[in-house]
Amino acid sequence: MGLLTDPGVERSAVPAMLERHHRPVCLLLYLAGIGWFLALAYNPLNHGTYFSENALLPGLVQGDFHGDSKARQYLASLNVEAERNPNKMPHAWLAAHFTQLGLDTYTHNFTLEYPMKENTRFHGRNVYGILRASRSSSTEAVVVSAPYRPPTSLMQGTAPSIALMLAMAHFFSEQVYWAKDIIFLVTEHEQLGIQAWLQAYHRVQSGANVLDHGDLDGRAGSIQAAINLELHSEHVSHIDVKVEGLNGQLPNLDLVNLIHRLCQRENVHHTFKNRDDHPRPETFHGWVHQLKTLWYMIATQATGVPNGNHGLFHRYGIAAVTLEGLQESGRIRRGASLHQLGRVLEGICRSLNNLLERFHQSFFFYLLPSTNRYISIGVYMPPFGLLGGAVVVKALALWYSTSCAAEQQSKQDKKSSVDYSLMGMVPVVVVVHALCAALAYSPQYLAQAGSVMELGAEDSIYIGVVAFSAALLMMPNITSKRHGYRGGSWEVLKCFSVLELAVVLFAGAVYNFSLALVITVIYTPIVLITSASARRVLRIIRAFLLLLIHPMVLLIIFAFLDTWTTFPEIPFDKVLWKTYLASKRALMYSVVDGLIYSNWVFQVATHCLLPIWMLFWNIALSDIR
């Protein structure tokens, strides 16, 4: 930066060359970054998985589980109990069976004050039992959890998960080698129940204080790892391992490798993103297959939404995954029984029992193109650096050109209405960020206003956000007429906007890489070509391209693509209607998840992405006078 702020900057050769040739350099960096990242799905450019934490000792664990008949008995009894109470969780039944097994059994009550409707509460109750370690003093623990879904639930049932959990608790209670407490947890209301239980366990509060997590009557030691079970049948075709957590956090890679290794040993078919590994990964078709798997992980991680109850453990430094057992027809493969699944779960718990310390080796930042390959942060950050580098180069070129213009103007000592300092842009920058911050905190007020007009929270928030975004589109006319900025001033504003975008991209890549990658790929080419112009046609074309990357428009586009690929057989008009419903629901979920679970997606979109977009919108629609 010293070269660009030197008083003789207009005489420096390197910045001058950068300013003259920055367009082809930016294009080259962008294309090279895209190509490099796509190539990472090719096996010679990524790595095979391995164990960094040798204390897990998965090869020394010999499975002894033989309680599959017991699990089937529990499953039959649970199904009968569910038929008697089809709309609620059988708390008494679960607590009684935990107690019969000799576990320390407790129930946990919690209440949600629904933030989008006044005087609306949701109550829930979790049931958990603790198997106290016989060889330690309850200083460490492992969690085995499963969500309960009543027969009336729209989601697939999880009764086999609870039955297998009870059978495992019966088997584990007869063993004497446990050095860690094992907590068997059954939660109500999906992620809401696990969120309340974790907050009560760690005595912390997350979100907007709308969840009263209650208190726990019994506790175990510090939780080292957690396994969440979602088995939908007692005989599954394969196990899908889910890793993505809240705000893109991931578990320690050693835990993921442990599960895949044990599934392989017990002849249980295992997948990632519900996709088999390609038999010939080093061929072109193998590369395409792994690239699709990699894209599915990026798409899931970018949303910031956990794809299972395991995703809420990560914020507490607990490695956790979800094992989903699926029964799919049409696939020629040998399925897995409760006996095999029990041996896999036994192997996982016994390996975790061998841990001498928390997971800290291996990787927490990685991408997976298959079950046995990984891309570490040291491999995927260089291509991202090229993608983001195009934005940085553009900002430096703008900085140089405006600095030279400002120095030339000061030498001529002539009065001009062109202000090349950032201070001239402060009113626009402050107003834009203030309006977008107001939008970020508006959903609760929009829901209250909608209730007066007898609108649901989803409709009122969706209509309010769309109307607010449409009103912001009029801002360029207001600012240009009021301040009368010239072309040079808008170049200063563009320099600031590009720098702000670069900061958001590189800072976001450290926390949620997939979200930062998606934003970088979409925004970079449009941002590089956006500038003020005296030609009306150019302003219209640039405005149209900018509209395509508006955060709200992107939400609708992604909802359309997802609906189109999920329901390819329905007519186009129904696809559009489902797209509207999906985008409305997604917006509502992002707001509510932010208030309850501290999901950052809505806040990032309104506090970071939308202000940057608005600044470029001001630039694109302004005349150079």
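Placed from the backbone N, Cα and C atoms, the Cβ positions cover glycine too.
Unlike curated entries, TrEMBL annotations are predicted automatically.
Within the chain, the transmembrane segment (380-400) has long-range Cβ neighbours (under 8 A, six or more residues past its boundaries) at 4, 9, 15-16, 18-19, 22, 25-27, 29-30, 32-34, 36-37, 40, 367, 491, 494-495, 498-499, 501-502, 505-506, 509, 513, 516-517, 520-521, 524, 527-528. The transmembrane segment annotation in TrEMBL covers 380-400 (among others).
Feature annotation from TrEMBL assigns transmembrane segment to 420-441 (among others).
Taken from TrEMBL, the feature transmembrane segment covers 461-480 (among others).
Here the transmembrane segment (492-509) has long-range neighbours at 381, 384, 388, 391-392, 394-395, 398-399, 402, 419-422, 424-425, 428-429, 485, 515-517, 519-520, 523, 527, 530-532, 604, 608-609, 611-612, 615-616, 618-619, meaning same-chain residues at least 6 beyond its ends whose C-beta is under 8 angstroms from one of its own. Feature annotation from TrEMBL assigns transmembrane segment to 492-509 (among others).
As annotated by TrEMBL, transmembrane segment applies to 515-534 (among others). Tertiary proximity for the transmembrane segment (515-534) is limited to same-chain residues at least six positions away from its ends with a CB under 8 Å from its CB atoms, namely 23, 26-27, 30, 34, 37, 248, 298-299, 301-304, 384, 387-388, 390-391, 394, 487, 490-491, 494, 497-498, 501, 504-506, 508-509, 542, 545-546, 548-549, 554, 601, 604, 609, 616, 619-620, 622-625.
Residues 465-466, 469, 522-523, 526, 529-531, 533, 575-576, 579, 582-583, 586-587, 605-606, 609-610, 613, 616-617, 620-621 of the same chain sit 6 or more residues outside the transmembrane segment (541-561) yet have a Cβ under 8 Å from a Cβ within it. Annotation source TrEMBL lists transmembrane segment at 541-561 (among others).
For the transmembrane segment (600-621), the residues of the chain that approach it from at least six positions outside its boundaries are 247, 303-305, 428-429, 432-433, 435-437, 439-440, 469, 472-473, 475-477, 479-480, 490, 493-494, 496-497, 500-501, 504, 508, 512, 515, 519, 526-527, 530-532, 539, 542-543, 546, 549-551, 590-591, 593-594, judged by C-beta separation under 8 angstroms. Taken from TrEMBL, the feature transmembrane segment applies to 600-621 (among others).
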